[in-house]
Structures are given as structure tokens and as C-alpha cells.
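What TrEMBL says about this one:
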type     : residues : note
TRANSMEM : 6-24     : transmembrane segment
TRANSMEM : 36-54    : transmembrane segment
TRANSMEM : 60-80    : transmembrane segment
DOMAIN   : 106-311  : domain 'Endonuclease/exonuclease/phosphatase'
REGION   : 325-356  : region 'Disordered'
Amino acid sequence: MLDIGLGVIAAVLLIATLVPFLHIRYWWVRGFDFPRLQLASLAVVVGAAHWLWGTADWRWWSIAACIAVAVIQAAHILPWTPLWPKPVRTATSNREMRYLTLMVSNVLTPNRNAQGLLEQIHEHQPEIVLTLESDDWWGEQLEASLGEEWPHSVRIPLDNLYGMHLYSRIPLEETEVKWLIQSDIPSIHTWLRMPCGARIRFHALHPRPPAPSESEQSLWRDAELLLVGKGIHRHEQPTLLAGDLNDVAWSRTTRRFCRVSGMLDPRLGRGMFSTFHASYPLIRWPLDHIFISEHFTLVNMQRLKAFGSDHFPIIATLCYRPARADENETPEADREERREAAETIDKARKEGDGEA
């Protein structure tokens, strides 16, 4: 009975590992991109258990399946561990005029522990604060606490879980709120005026996820991310992109976004910085992201304390060093990836009701 049970689990793990190789956008397929660390860990446990306590002659097939699962999953998540080289260089400059600290937090609309977040904002003093899922109530709490010290803001209070608030100590210029792919999903596009005089392009996104209660397919999420990514690549300016992308760092879409846009993930070679789910330590993955162009180096990055939301806040301090741009390893998409990205965007434009 033990052999059968472990064999069944091994088979399920192998199927769950192979499903994401299907280039299908349905949520139940794309969902298997998320728990790669959990699947790899479970495969190691099941394989070891079957080796130690199994008696059936066929148990080696089960063990082989577990090894295959662990290897495939590890290949996907290994870049987000300290074992991998860091494509984003660590900052060496101490010129604070070139430093920029950005904090991102999905607040969870019904969560009412605003004080837990606001205390962390005041403790860490970021130049930029971006909140997601913030409605009118959250907007009032943020404005009352941040309005004076962070005088530049973009406020989009919504009760559909896609509200956004952006607060900044430094000037925001040429700010636009766009509804790119769907008419109820906003995004913020602005310029940050650094104390050193440089202008930094900034994009804030929170696309709709593929989930039973949201969307059957990942089309809307994928298209919004790739659309903004194409624009970033076209203009080749110092750029930051942040938000809850409802996708993990190692997914096919997120990796394609980095190659299409040329943006860098500062977590590579440093850690996963998993931000969701704050209440379940064994079921966590990185959904909240900060991507940077090659013009930046990283001072530090950390996940902050839980405050009642299902997401942890994440914060990064960056150094604007365009002179070191050549030291960063910029990803690049091939012709086939650009063609597939264009097809995804065109399909979403035809089926969506956004501005793009």
C-alpha cells in the first residue's frame, strides 16, 4: 500500500511538472508555474521515502520520476537563489543623490490594518510608495499619513481590487493613467525627477490574473506586461517597473517580458523574496516585482513585515549609475519571441476593451 501511495504521488508530481510546458493560457495550466519550489521539495521527500521504505520492484520508476521532477523544477528556480550569478551589479557608490528607494505593497482591499503598513513606510522612508488594491478607505489613510512628506501623488481608488496609489517625495512629471488592455484595470506611467537631475521612466502595473474568479486565461495579464515591455525596449530610457504582476518571477511570461523589454530582475542570484501568501509559510511565491533597466545597480532589497494583507511589502534601494550599464547582463529576445509577443498583444487588443 505504501508503494502504491508513493507511486501515485510521484506520478501526480511528474504530471504537474510537465503541464506548464503546454503553451496554453488557461488558468489551470498556468497555475502550475507557481509552486515549483513546493513541487521540487515534495519530490525529494517522496523519492527519499520510496527509496528508504519501498519494497516493490517498480519503485525505481517512481524514484526516477521524483528525480526528474526535482531536476526540472530546480532548473527553473535556481536562478533565484544565491547559487546563481548576479546580472544586476551591487552598488558601490555612496552618492545619495543617485539613490532611489521604492516600496511596493498590495494592501488587500478588506484589510483595515493601515497603521501596520504606514509605520513601515515611515520607518524605511522610501522615495516612492506604490500600493495595489487600495480603495477609497485606503486612499484616505494614505493621504492623511503620507500627503505632507510625500507631496506628489497619483490616486486611483477602486473597489474592484485594482485600485492604485502612488506617493512620491520627488517630482512626478508627465503622469498618465492608462487602461491598456481592459477598461477596469488601470496602470500608471510617469517620470521621476531624481535629485541629481536625471529623469527616470516609471511604470506601475497590476494586471488581471488567470484565476477561476478573475479570468479563465492569462491573455490579459500576458498582453499588458508584454505591451509595456515593448514600449520600454523601443525607447531605451532609464526605467523602473513595479507592481503585483500576478505572476511568478520564473514563469514563461515574466522571463519573456524581461527579454522583450531588456529589463533586469535584481532578485536573480540573490533570492526569491516571495511576497504571497503572507499567512501560509509553506505556500509562498514571488508575485510582487521591481524590474530595473541596465542604468541601475542594487544597494539592497528586502521583504518587509506582514500587516494583515495576503502580501508582504517589498522594498528596494537602487543607485542610478548609467556609467555602469555595460556591467549588467541585459537579456534580449529573439525574433520568434518578439513575434509571439506581438501576437499576444494583438489578440488582447481585439478581444479587450482597453485603450491600447
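Each residue, glycine too, has its Cβ placed from N, Cα and C.
TrEMBL entries are annotated by machine, without manual review.
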Secondary structure content, the region 'Disordered' (325-356) (per DSSP, counts of residues): 20 helix, 0 strand, 12 coil
Arithmetic mean of per-residue pLDDT over the domain 'Endonuclease/exonuclease/phosphatase' (106-311): 97
